[in-house]
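First the structure, in the form of structure tokens, and then the observations on it.
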Amino acid sequence: MKRHLNDVVLVFLVFIFGVKLGKGQNTTIQVINVGVVTDVGTTASNLSLLAINMSLSDFYSSRPESRTRLLLNFADSRDDVVGAAAAALDLIKNKEVKAILGPRTTMQASFVIEVGQKSQVPIISFSATSPFLDSGRSPYFFRSTYDDSSQVQAISEIIKVFGWREVVPVYENNAFGEGIMPGLTDALQAINIRIPYRTVISPNATDDEISVDLLKLMTKPTRVFVVHMNRFLASRVFSKARETGLMKQGYAWILTNGVIDHLVLMNGTDIEAMQGVIGIRTHFPISEELQTFRSRLAKAFPVSELNIYGLRAYDATTALAMAVEEAGTTNLTFSKMDGRNISDLEALSVSEYGPKLIRSLSQIQFKGLSGDYHFVDGQLHASVFEIVNVIDGGGILVGFWTQDKGLVKDLSPSSGTTRTFSSWKNHLNPILWPGITLTVPKGWEIPTNGKELQIGVPVGTFPQFVKVTTDPLTHETIVTGFCIDFFEAVIQAMPYDVSHRFIPFGDDDGKTNVFDAVVGDTTILANRSSYVDFTLPYTTSGVGMVVPLKDNVARSSLIFFKPLTPGLWGMTLGSFFVVGFVVWILEHRVNSEFTGPPQYQISTMFWFAFSIMVFAPRERVMSFTARVVVITWYFIVLVLTQSYTASLSSLLTTQQLNPTETSIKNVLAKGGPVAYQRDSFVLGKLRESGFPESRLVPFTSPEKCEELLNKGPSKGGVSAAFMEVPYVRVFLGQYCKKYKMVEVPFDVDGFGFVFPIGSPLVADVSRAILKVAESNKATQLETAWFKNIDKTCPDPMNNPDPNPTVSFRKLSLDSFLLLFVAAATVCTLALLKFVICFLIQNRIILNDEFYRGKRMKEMWLKFMESDGESYISRVRSTCPQVLIQPREEDIDPING
């Protein structure tokens, strides 16, 4: 029945074309033979043949003045590579065709192109899409369609906008299927998308073989597949995928236009198996001409709908007719080859018309049914693709991809101007995914074969982080510690379940690649990242240097001099003399207690000044000015004595703990031994810093480290210990009264969880680490494992000095300078007042000529004698019992 239908179609085409050609023939028209190589007997070929005929009919009807007419010569390739080559040879040798339209497949075209190159006959294929058929192979090959690599950018941007990090290509095992892989791989690598493995399916594979390949996919974690194959193989693959459970929720399938462009040719059962698939479809701008052509085709061939083959065949035929018209009618002959002792291919005649025709084809430009039509380097170039979602028996448009804007919901000018990636909802309309769900697949999940993640746990030095014990009853291995609890919290914070099992091991390098992950106190290092992937760090970073503390204060019999600097001692002593002298000047003329023999006055002066420091002096101060000076000095002495007492108390009672070393440079220069944690990368860091092997001492426990530090280098110990900051926190929690972290000489990224390179878990676990770190859970875990440590000593990273050294500072003159300036000012003003009053009182001596030559002597005598005219003296003379009231201790108990 199928062959009968094909024969009917061919007769119909020949009849129609013969009528058209007969009507247009006259003596001025040159008939040009062209060949058509196709697989007669398929729906796609029949549509193409009908479109070719309609194209010629429309072309010559609209251009009756044309000087040429194309005469089609059909040849059946019989869906075979050799058959296509034989058909092309026959058309060139026997029909002397000037160009060939076809063949249909990539494999056929590869051979036919060689034939066209030999005979200089242009080959125009409207369905061979493999990038392997590069027009650079032959200037006589023209691809009247888009090559498969033109859609890889659209595919990669779909993958990127959904946040998928791994994809598995599933493609046909031939030149057509493999042709897209180089371009697809490059496009995915450019955006850091990993291809962990590939699935290659033979076009001749049985259903059982297809099922086996699909079952292998189920055992892998990746759930995003890019499918590139012909529609016949794709229908079988998706039928088996539905049977094996690969079309359930959580899976994502992306189809190339090799299948999506031909959905109209597929039956309902095949399309139903593809529910939820998204794909790339060639975009054809809607036009009146396209709608008219669709209606005409439906009337002429009602058994099928218009597909890409029909449009491409129509435009390719129009382009060939225009090129022939442009090339003219000269040099239509073939140059015959000597056929003796050579093969049929070598004996091909060479078309003299070919060079002119390819030049004309390269220059052709017009607006066809499929859009703007113009060959660039022998190919058409795509600028827009449609993104479709296979739903309800067809493809629903959900967006577009354009060369300028990337993924957009529509082609309106307001849809965006730059290729920016945000939420997929800003780029595409809602999509129904496999499993009939709107939830976007995350792109991977733990394989459905029941296997648990094998989590390696390195057994370390500090049990607070990882501790491995064995249950005495069940003999079951029990793994605990801060790292383990933190990992469990991270797993709970992830959006899906991850079944896992902890397996302790003794080496944390992770090079064996036996485990699915490593969880423990494993430090993130650059050299390790070359063979594993790390998550974000979940602890503080750095390698700390821990050194002993010692009391550096030497206590002697002269320690009471240390609170004050020599400058302050000198200023204080000098101030006592100055204040005593000023008070004597102000008081000796009005206060009898400051008079008497010179020796008595001098002793009284200094006695008064120094006695202020310990008790109230017995000498009373009478003048107001002197009282101001004394009160000021009282305040200064009070401040000085209180400060001195506090400083001396601190010096006598507090240990002055200072680190024995302050930097790694000092330790390296002194040449003493240092300790490091055994089996740690710290050993390499110390070697790089210049420490010789003989000076490096390993320790296996905090107790051993403390023993080495306590002994010191002189007794077989070490001068410093180097360990990672999290370990320092634990160590100082036990011994912070004796040791201190003084420096972080090496920067590292802290502890992280380890996964194989490319593991899709890394990004999800890192995001979960951030969630836990920002929640109360992290604080609760730290409290549970380090609460006793934090009570004993602060965190060395939050407080880098868990044992702040009580560094003694002597009291200096700078601290009290303002007080001494105030005292000096008061004394100066008091003296100035006294001098002015004294000069006014004795101005007669200064002005009277009687005292000429003896004024200084008289003034001195006046200065030294008592001032009986002063207010104080007059009050004392009238009320001596009030002003001179003896103190009780001065009264003789016998004589009264």
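Note: Cβ is positioned from N, Cα and C throughout, glycine not excepted.
According to the topological domains annotated in Swiss-Prot, Leu361 and Glu587 fall on opposite sides of the membrane. Sequence-distant contacts of the transmembrane segment (816-836) (same chain, at least 6 residues past either end, Cβ-Cβ under 8 Å): 568, 571, 575, 578-579, 582, 585-586, 625-626, 628-629, 632-633, 635-636, 639-640, 643. Summary for the glycosylation sites Asn46, Asn331: the Cβ-based neighbour count within 10 Å is maximal at Asn46.
Here the candidates are the glycosylation sites Asn204, Asn331, Asn527. The one whose C-alpha lies nearest to that of Asn53 (N-linked glycosylation site) is Asn331.
It is Asn53 that, of the glycosylation sites Asn53, Asn204, Asn267, Asn527, has its Cβ surrounded by the most other Cβ atoms within 10 Å. Ranking the glycosylation sites Asn204, Asn267, Asn331, Asn527 by the distance of their Cα atoms from the Cα of Asn46 (N-linked glycosylation site) places Asn267 first.
Candidate glycosylation sites: Asn204, Asn267, Asn527. Nearest to Asn331 (N-linked glycosylation site) by Cα distance: Asn204. Following the DSSP three-state reduction, the secondary structure of Asn331 (N-linked glycosylation site) is coil.
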